[in-house]
Amino acid sequence: MIFRSQRKREKEGRGRRKRRQQEIRSKGLRRQKRDWVIPPVNVPENSRGPFPQMLVSIRSDQDRNISIRYSITGVGADQPPNEVFSIDPVAGKMFVTKPLDRERRSSYHLRAHAVNMNGERVESPIDLYIYVIDMNDNRPEFKNQVYNGSVDEGSKPGTFVMHLAAFDHDDNTTANGMVRYRILSQTPHSPIPNMFTINSETGDIVTVAAGLDREKVSQYSIIVQATDMEGNLNFGLSNTATAIISVTDINDNPPELTSRTVPENRINVAVANLTVIDRDQPRSPNWNAVYRIISGDPIGHFTIITDPHTNDGMVTVVKPVDFEQNRAFMLTVVVNNQAPLASGIQSSLQSTSGVTISVVDINEPPFFPTNPKSIRFEEGVPAGTSLTTFSASDPDRFMQQSIRYSKLADPAEWLSINTTNGQIVTTATLDRESIYVKNNIYEATFLAVDNGSPMASGTGTLQIYLIDVNDNAPSLLPRESQICERINRNAGINITAADSDTDPNVGPFVFELPTFPASIRRNWTVSRLNGEGTARCRLGGYLKPGVYEVPVIVSDSGNPPLSNRSVIKVKVCPCDENGDCTLVGAVAAAGLGTGAIIAILICIIILLSMVLVFVVWMKRREKERQTKQLLIDPEDDVRDNILKYDEEGGGEEDQDYDLSQLQQPDSLEHIISKPLGVRRVDERPIIPESQYPIRPAVPHPGDIGDFINEGLRAADNDPTAPPYDSLLVFDYEGSGSTAGSVSSLNSSSTGDQDYDYLNDWGPRFKKLADMYGGGEDD
């Protein structure tokens, strides 16, 4: 058998075999069979098909003479797993029938057979080797999700800590199964975020920096990531595991005696405990101890309190201590009893002891030496002007700390401060007349913060005294007033000048009238009264009633002075004997003539008439609404519902019905008492129907037949009626009717009908008369 891949190779093979046979026959030798070897076939795993998919074609060189049948044996063919591979017994083409999984089986060894139709072997079996090509379809897997390791504190960089390994089921001879490791995170980050590193190929974790201290960090948690494809994050698959590294203790801390320390700026803190032994009667004056500090504390920062139960002496701070002044105190303490020693008993040398107390430096907040700090500036200082340097001091002289500044309160947003040196610069124009300025002083508060641990802050207040400049012109009050048309020496208008500035930029004020137009000085005069800011404006002659605008120029006493032209609206009107304007005079002074007043009154009368008509129309409409009779529930309204009847009856000719079913009862009490769903309200159609007979609101039961006939005749003779038979409005059909519906008006006649009488019913029934009356002629 041979491996058949291309037609050209087959042709060349046949030529070579023919030449070989000729050589054998010429030499007189017998043909020897050759062993044919087929190269291994590579099949990628997880192939998507389509299946069956052809792999290789085999054939015997004897198939030209006899019929050959091919078959394959081995695992994957006739051995489990069966039917993975198949072969066309006639053409010799071998197929794979399903996707292969390299992780289940990486290769197959099959044997191909060729037999004739009698089952006799015509060729020796050929070995077929099929290798499954690996695809990257498996992530690296850690055996455990959490690994535990340990390392001694103080270990040098490069010290081995632990080993992690991940296994990838893909082919480890290809990139699909080559795993690389890296550290994603370390918790905590102390002393640095990267205390460890991992060998990317072996998974060994080692220290990379010094500084492991069990007393500070006793355990680290590291997230390790394993990625195949040689660590390519774009194409590789990844998985993670956690490594817990415990820092083991070594003897790196010698024993220390407990020190007696006191934090600075603290009081009522017990810093030392003194113990005495007295063999006298407990809790008696001979046993009770009294402690005294005889040296080492000249200012009296400490006192010793005796515990009445244990007789111990507790050294307590009563005045704050300052580390910058005293870093330590060496006290000499003597102890005695409340009762003096007996005669002849000498004091023990052990009754006196030395106590050393160390002061702990605490980060103290910065302070502003001058607080509040006051400065003086003229108002109107432009933006960008440097005012002062407002700097703070740090009381911690032995700490190398820096101070940063910021604004805490700046109501008008006029200032800024340099964060490093505290220089104050204006960001807007300073205005003394601002609402944020109180008594000519503007206040702003600033914050100074150091970088100690913990950080401490202090505040300082800057007071800016604003010196007034003449930057506001005076104004006049009031803006409007009135005066009598009669010239009176005592009559006039008092006007007052107001100025936002202060002395010397205010009064005395100068009041004067403009020279143009000339009528102003001819008709008015103005003169200053006693005082600096008040003047009186008077009439210079007779003026008819009306409203006049009087311009007045007022100037202050600043250097240079500022002036303002103010217009005062003065109403000149006739006055009574008390000097008050009369009503007619006030109207006339307002500029309204008789015609305007009459027009206003007419408009008021028209408006009142319209309101009255609207009220009458609303009351009439309400009355009409109340007069409508409520009969049935809106759910039963035939205008919005389709009523189904079992029979329509025999037509208008069928007059054999009981009119008592249509009678309206004399009383409606049983209707009102019925439950919801049985009451109904009907309204007449809104169309012209003046020719219809007017029926009473509640017709008598005996008149219902006449009412129907009259309505029928009216509809027949009305050429403007809508295109339906008649307008029949039934307000009430009755309660407890034995008929139950209009279907009770059915026809009982069964014979032939004579429709000639329809000609007498009017033009509406003419068509029916033509259709049914002439049936015999048709």
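Cβ from N, Cα, C; glycine included.
Among the features that TrEMBL reports, compositional bias 'Basic residues' is placed at 1-20.
For 1-31, the entry in TrEMBL reads region 'Disordered'.
The domain 'Cadherin' annotation in TrEMBL covers 35-142 (among others).
Sorting the domain 'Cadherin' (143-257) by DSSP state (H, G, I as helix; E, B as strand; all else coil) yields 6 helix, 48 strand, 61 coil. The feature domain 'Cadherin' is assigned by TrEMBL to 143-257 (among others).
The feature domain 'Cadherin' is assigned by TrEMBL to 254-368 (among others).
Residues or ranges marked as domain 'Cadherin' by TrEMBL: 369-476 (among others).
As annotated by TrEMBL, domain 'Cadherin' applies to 475-582 (among others).
What TrEMBL lists as transmembrane segment is 583-616.
Per DSSP, the secondary structure of the domain 'Cadherin' (369-476) breaks down as 0 helix, 49 strand, 59 coil. Assigned with DSSP, the residues of the domain 'Cadherin' (35-142) fall into helix, strand and coil as follows: 0 helix, 46 strand, 62 coil. Restricting the average to the domain 'Cadherin' (369-476) gives a pLDDT of 88.
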